[in-house]
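Colleague: My structure is below; once you've seen it, I'll send some questions.
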Amino acid sequence: MDCSFISRDDLQRMFKKLDKNQDGLVTLHELHWILEKLGWPEHTPDELELIVGKQSLDIDEFLRFYNDAVLDSKGTKKNTDEAIARAFNVFDVNGDGYISAEELRDVLGRLGFEEEARAWDCGRMIRVHDKNLDGFVDFEEFKNMILHV
């Protein structure tokens, strides 16, 4: 399974955080909440039910949904570029065209990764993909990171 925008491990951690009652299932309302946080609010929970055909997803279904629906695996270049731009905009909190370590930390916190955001070196994560060494990740650097994971 590809899971390019967000690593499989991160998706599994996200699933565990969404699964509040620890029954191994994520409801469509919880799925809708995380999709909104990721910048994909196109579908209501009722529409999601029509898409997935059930009220909740287990971890494998969650990963498959992410891969199929969010990444648009059959996607054209235009759809891929649009999906990457939406993902970039989630992290570019102030809309200046750059992702800073602070913005990365903020988004990780909003996605429910507060502990990880404090523990991870967000500055190092930015530096790894900051090819022009300006201290930020711009859209092209982000796109390159996504397409070459």
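Positions of Cβ are set from backbone N, Cα and C atoms, glycine also.
Summarising the annotation, TrEMBL assigns domain 'EF-hand' to 6-41, 79-114, 124-149.
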Colleague: What same-chain residues lie close to the domain 'EF-hand' (6-41): Cβ under 8 Å, and 6 or more beyond its ends?
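Modeller: Those are 48-49, 52, 55-59, 62-63, 65-66, 70, 86-87, 89-90, 110-113, 116, 149, in sequence order.
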Colleague: With DSSP as the reference, give the number of residues of the domain 'EF-hand' (124-149) in helix, strand and coil.
Modeller: 15 helix, 2 strand, 9 coil
